[in-house]
Amino acid sequence: MPAFNRLFPLVSLVLIYWASVCFPVCVEVPSETEAVQGNPMKLRCISCMKREEVEATTVVEWFYRPEGGKDFLIYEYRNGHQEVESPFQGRLQWNGSKDLQDVSITVLNVTLNDSGLYTCNVSREFEFEAHRPFVKTTRLIPLRVTEEAGEDFTSVVSEIMMYILLVFLTLWLLIEMIYCYRKVSKAEEAAQENASDYLAIPSENKENSAVPVEE
């Protein structure tokens, strides 16, 4: 069961990828909010366009706010992705899609100081013949960095339930074995008693015990 819980997110992503390849759709999947120190962390930001065939000028801005601090720019996409001067410089990697519906970034070698609030701003200016509407979307990602990977609560509950089920099945099988053993033992004892009683009867009594046949 824990293995299924660990494989379920992977299977879901595979299905989403397969659907996106077979059918061009956009799915706004929320980002994970927990990272482990020293590992890369993908900050997922997806902003779907309802009409993909419409051309649009897209600008992406990533901000970071430490606990008790203020927002400051760490990454910008404007006619090409570029990293700005910040404490994250050299550790950010563009992970977006070509159509700029997925504008995610990856933080390399995550540290404990990277905990905080990340903001993804996506600004689009659509190019229609009559007008050029402007749309802005915002995604907030509260990130918590830990020293070691924590155990998933669902996996813990699944493991506990699995062990309880195994104990219950073991006890049930043990009770069934004891019940069957006693039942067989009683049947053997009854058979032995009947055989002993039959052997204890004298031969004369055995002949007399026969029922006479009336003429």
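Each residue, glycine too, has its Cβ placed from N, Cα and C.
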Which of these links to C26 by a disulfide bond in Swiss-Prot: C45, C48, C120?
C48
Would you mind checking which of C120, C180 shares a disulfide with C45 in Swiss-Prot?
C120
Lowest local Cβ density among C26, C45, C48, C120, which the record lists as disulfide-bonded residues, within 10 Å:
C48
Hey, does DSSP put C26 (disulfide bond) in a helix, a strand, or just coil?
coil
Set of same-chain residues at least 6 away whose C-beta sits under 8 angstroms from N109 (N-linked glycosylation site):
G38, N39, P40, R91
Hey, which of the glycosylation sites N95, N113, N121 is the loneliest by Cβ count within 10 Å?
N113
Between C120 (disulfide bond) and C26 (disulfide bond), what is the CA-CA distance rounded to a whole number of Å?
17
Between C45 (disulfide bond) and N113 (N-linked glycosylation site), what C-alpha distance do you get in Å?
21
